[in-house]
Protein chains: 2
Amino acid sequence: MSAARTLHLNTNITGTGRHPAGWRTLDNPKSIIDLGFFTTIAQIAERGKLDAVFLSDAVALRGHAHGPAQSLEPTVLLTALAGVTRHVGLIGTASTTFNDPFNLARRFASVDHLSAGRVAWNAVTTYDPEAAANFSIAESPDKQARYARAEEFVEVVLKLWDSWEDNALIADRASGRYADPARVHAIAHAGRHFQVRGPLNLPRSPQGRPVLVQAGGSEAGVALAARHADAVFTAQTTFEGAQDFYRDIKARAVAHGRHPDHLLVLPGLYPVIGGTLAEARRRKADMDALLDRGAELAKFAGALGIDAAALQLDAPLPYDLIDKGDRTDVSRGFIRSTVLLARGENLTVRDLLDRNPGAHRMIVGTPETIADDIERWFAGRAADGFNLNADVFPSGLADFVDHVVPLLQRKGIFRREYEGTTLRDHYGLARPSSRYADAATSAVADADALGAVS
Amino acid sequence: MSAARTLHLNTNITGTGRHPAGWRTLDNPKSIIDLGFFTTIAQIAERGKLDAVFLSDAVALRGHAHGPAQSLEPTVLLTALAGVTRHVGLIGTASTTFNDPFNLARRFASVDHLSAGRVAWNAVTTYDPEAAANFSIAESPDKQARYARAEEFVEVVLKLWDSWEDNALIADRASGRYADPARVHAIAHAGRHFQVRGPLNLPRSPQGRPVLVQAGGSEAGVALAARHADAVFTAQTTFEGAQDFYRDIKARAVAHGRHPDHLLVLPGLYPVIGGTLAEARRRKADMDALLDRGAELAKFAGALGIDAAALQLDAPLPYDLIDKGDRTDVSRGFIRSTVLLARGENLTVRDLLDRNPGAHRMIVGTPETIADDIERWFAGRAADGFNLNADVFPSGLADFVDHVVPLLQRKGIFRREYEGTTLRDHYGLARPSSRYADAATSAVADADALGAVS
């Protein structure tokens, strides 16, 4: 990274935006299966010089009676978006619980090739009995088992991405030598969850390795991020809480021998933008009026691990009932940040639902308010940047790009043009070399293993 | 299908073409990771009004010392090609041995959405200890186990593709109803290999179901094709053998209550084209001169299930040594068609290597010879069309499109323009309705199952 710190901005482009009733304001509310809709959004992100677009994911259907859910598979949709953009990064979520490391490593490396080095994998684990029921798994694994598998899964994927050295593909027409077997390495991974010989059946991708993002807020998730991730997505609702998280995870990365700048901390941010505060509030109120309140209350209660009947709109949260850590079907990061916010500002359930009955911090305001807030968090090392959640696409993102981004550029904290071509370039991350490139000691073992596959 | 039978033509676009030394004639021999290369090929196919482009696949690396192997993951590459073409179909191979039905069904349905209905899944099983070693499988399953899994895998995928009825996505802004849970069906599959509740987390795709292709030549493969496939890829080296196969598989389809026109029989064809026969022979000889003969002989012996030392260049095949069916690591279709060809024309090993040391019938000739041969096979019901294998891209395909296709059009057996928009349209296949659309009797069970996921 250069001496001057630079702000990083992604935008979540899942569904029709973060507001659950946002789709009811769209001309084409069936847009979640419409490539034109996502093309518009990705091109707006690129117009705003954003680092990346991001797709979250789920592998079980729910909530579809009231609004759009996840739908198109992320690596496929991101490949299509690579074709209609030139610079913006492409971050896709895929679960280590319901995938296989060889196929996943190959798929993300393929997108990295086809996008000329713009892809990232957001590695998540999944606790969801509904999802498990789609994958022939009778009982969803508990958190410890999920993260043990995730750690090993990530390790296998990183090894496979390294299995071809940069100069392994020769393609020398004169001699007829295509690849150099001495530079294509079996990974010979033999672990508890996976036994994978490798190598990957694909030459090394433009970024060396696709960028690795981690998004889990639990202790195990944070530990995984500190060890392996290039960026961490996190739910942070207070400035001080975010500073604590930032300090802690950077220190952990350093303890693993890493440079703290090589792990970007990117909290979620949910801006609702108006030319004046009144306009911003009206924008939100108009969308809120379209909400199914009962469905939202039930969703909120479920996320807190409690019964909807325990929530009273004009009372504080029932703190004593909220799950303290023995359940595995809730997000600890979400509960922690919600409780922190509610206690800190003495909020009622109605206030919380009003703010954003989801994980991410909402700011309803003018472009100036929002840009100032971003600058404060960035300068105060509460964040290296943000993962933006527009209320509804495309207008919520277009307003940010057209009115907030120019203010951030004027403050000198955000790029005016893309300076590189890959997502690693945008994030200020070095291109890693293959772990096998200098492995002189393992050369003989590799050559033996390769004998069988070449 | 309309009264007039129409020829169907796909082109295999895997690697750099069928000739193992073809890459040594290319300006950019590293083209297997170059989207521009595949874009050129797909656009040539579309200029020729071909039904589809086709990607074979493998999930273990081999042969990379001497030439290009499979590399970019098919669903990802086909999605990229969907963005640079408008009509041509997109057929991708994926193994039922090393995938999961939910993820695979979702991925192909996603490509079907993003390509506006142009995708097909070529379902294969994989016997390959090298591949198994990439998927934590100690021993590659035998043929019976592979096909038992494949049958159930295909069944689950077809059910998932049906799980949303066509009109399930309402997206009614006024009422706030997004999807109609009564038209989104749990599949509740509980089988020996898979337990999948469903529904898929994606609305029904443009083709209703992506086209299903089957490519295995064994008894189990043919049985699967007759029951489920819309098209079958097959290795046929003699006219009479192909007629026998055609009659047999159409009769099997009819025995399953299907219309024989709804299962297209598409043998492989490997044309080497020259303005004169001498030119065509020179084109082939020039490429043959670049071959690594030792590597080719070893590959051929391996495919026959015998030792390379047992092959003598100027002798017939050692028929008594060639595998008779007890091994599972060879393709029965390949062995059968090779033996048939060698016996029928009394060929030596050198002759066979010269023809094409792969599964598909080679014709070295002028556009007229090749067009006449295609017409004869089509009219004689030895084929409904062909899966073409160009010697090297892009020239081999461009020659076919520019010089053979016009002759086929003049004969009145091949389209001059695309008449529809989807691959089903090109293939003359009806769009299927969801099996759940009229399932009044199962409505209660479905509603119960859905209660848990909606």
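The backbone N, Cα and C atoms fix where each Cβ goes, glycine too.
Listed by TrEMBL as binding FMN are A:ASP57, A:TYR147, A:SER218; the candidate from A:THR93, A:THR96, A:THR97 that the record includes in that site is A:THR93. Here the Cβ of A:SER218 (FMN binding site) has 18 other Cβ atoms within 10 Å, regardless of which shown protein chain they belong to.
The record assigns A:ASP57, A:THR93, A:TYR147, A:SER218 to the FMN binding site, and the maximum Cα to Cα distance across that set is 18 Å. In sequence order, A:THR125, A:SER218, A:ALA220, A:GLY221, A:LEU224 are the residues of the chain that are 6 or more apart from A:TYR147 (FMN binding site) and have a CB within less than 8 Å of its CB.
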